[in-house]
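A short write-up of the structure that comes next.
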Amino acid sequence: MRRLPRALLLQLRLALLVAAGAPEVLVSAPRSLVWGPGLQAAVVLPVRYFYLQAVNSEGQNLTRSPAGETPFKVVVKSLSPKELVRIHVPKPLDRNDGTFLMRYRMYETVDEGLKIEVLYGDEHVAQSPYILKGPVYHEYCECPEDPQAWQKTLSCPTKEPQIAKDFASFPSINLQQMLKEVPKRFGDERGAIVHYTILNNHVYRRSLGKYTDFKMFSDEILLSLTRKVLLPDLEFYVNLGDWPLEHRKVNGTPSPIPIISWCGSLDSRDVVLPTYDITHSMLEAMRGVTNDLLSIQGNTGPSWINKTERAFFRGRDSREERLQLVQLSKENPQLLDAGITGYFFFQEKEKELGKAKLMGFFDFFKYKYQVNVDGTVAAYRYPYLMLGDSLVLKQDSPYYEHFYMALEPWKHYVPIKRNLSDLLEKVKWAKENDEEAKKIAKEGQLMARDLLQPHRLYCYYYQVLQKYAERQSSKPEVRDGMELVPQPEDSTAICQCHRKKPSREEL
C-alpha cells in the first residue's frame, strides 16, 4: 500500500481538526511576546529562564497550545566562535495556556556574551535574536555584586508582607542573649540547630544537637547567595527541624528570640524562609531533581475538560487526617481517590487501609481536584500543587510557608476544615460549579507562578538576612567551634569576575 505524501497528510489532519470544531490557530512569530530574567546577562541563576506568549496574526494572545507539534525552539550559543561552552537547552515547556517556559543551564561562563535565538519553525520570534553582552556568569562563579544593584537587576519586590510581620516581633536582636539561650533551650541531643556567621561574605557554622544533616540544604543556598551578592555581616540560628521553635509571647518576659525556620505557625515567632525543598529543587533543576518550580509548569497533565472529576491525594501517614482521607475515599470512591504510600507513624493501620502504589508527581494532575493536607507541619508539596492547573482544596492549618500570606481562600484555592468534615461537600460544589472551580484553579496557578519564580526566592532570602542584620545590637563574630563552609570546587569552569570593572580609559 502506497504511503500518502506528507503535505497531503497535513491537509487531511487540518481538515479533521476543523471538522472536529478545533480550527488551527495560526501563530504570528513577530507579534508573539518574549520576556523574562533569562534574557539579562546580569541575572545569575542556576537555571536561567524566560517566557513566551504565542500571539496570532490579529494580535490576540493564544489561550491554548497551537495545534500540532509545538514548533517553538530555542538556540543558545556563545557570541564568540572561540568560546566553546557547555549549555544545556531542553525543549520549551508548554504551559497549555498559550504560554511557554524556556530554560537553559550554563556550565561555564562566557566572556564575550550569548546569542539567544527563539524560533517558530525557521522564523525568529518577537525581537529574536537576543544578545546578552558578556560576561555571562554560570552558577558557580563567585562574583558577588553590590546589593542595591543586584536587587534592582532581579526586580526584587520592595516589600514582602511576611518578612515585615516576622520582624515586627524583633525591633532589635540581642546576639549575646541568643548566644546564652539557644544552646540551652534548643541545642540538646535531640536538637537540629545550626549556628551561622556570615563575615566578609564568607559562611561559617557550627552544629548544635544531633540531627543536623539537613545543614547541607541551608549551606547550599547561603553559598549560592554569596556567589551572587555581597551579604551583610550577621550571626543567626537556623532550625533544621520540622516544627517552629520559638513560642514565647511578643511582650512576654523573657522575650522571644528570632530563630530562622522553613515553616511558621500561628503560635510561634520563628522567622520563615523558603523551604529547603523548593530551594534545593531550584538549585538542582535540570540536573539532580525532576520536580522543580519550572519543570512542573510544563507537566500539568490533561486540559481541564479532560481531567478526572475526582479529588486526589497520595502521601505518607504523617498526620491522622491523611488516614481519614483514605477512609473517606473507600466510602466515596466516586468523589475521592486517596491513598497512603508509606506507613511510619500509624503502622498498625496499614492492614485496614491498605498501601497505595507510588505515583509520579506529574500524574497527580490527571485529576481535577488536589487535596492538600498537612504532614508533620505544612505539606511541602503545596507550592508544586499550586503551580499545576488542578483546583487545590487546602486544609485549614496553623502552619504556613513564606508565600501563604499572598493567597486568598476562594480566590486562589478552596478551603476545607481542619477535620475534613466539609471535604466531600466542597468536592460536590466544585463538580456543580465547574467554571468557578476552573477560574479559582487558574487564579491560584497564576499567583503561584509569580510568587515562586526562582529569582524571587533569592530576593526573599536576601531580604530576610538584610532585615536581620539591620537589627543586630552587636557585631557578629566567628565563634569557637565554627568552621568555614567552602564553596564547591568547580575546576572545569573557571571564571574571572570582570563585569562592571572600570576600563583603562576611566581610570
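Numbering starts at 1 and runs along the chain as displayed.
A Cβ is built for glycine as well, from the same backbone N, Cα and C atoms used for every other residue.
Sequence annotations record features per position, and here Swiss-Prot assigns signal peptide to 1-20.
Annotation source Swiss-Prot lists repeat 'Filamin' at 24-134.
Of all the Cβ atoms in the protein chains shown, 14 others lie within 10 Å of the Cβ of N61 (N-linked glycosylation site). In the three-state DSSP scheme, N61 (N-linked glycosylation site) falls into the strand class. Swiss-Prot lists N61 (among others) with the feature N-linked glycosylation site, giving experimental evidence as the kind of evidence.
With a cut-off of 8 Å between CB atoms and residues at least 6 apart in sequence, the same chain places nothing near N306 (N-linked glycosylation site). Classification of N306 (N-linked glycosylation site) by DSSP places it within a helix. Annotation source Swiss-Prot lists N-linked glycosylation site at N306 (among others), citing experimental evidence.
Feature annotation from Swiss-Prot assigns motif 'Prevents secretion from ER' to 504-507.
Taken residue by residue, the repeat 'Filamin' (24-134) breaks down under DSSP into 3 helix, 47 strand, 61 coil.
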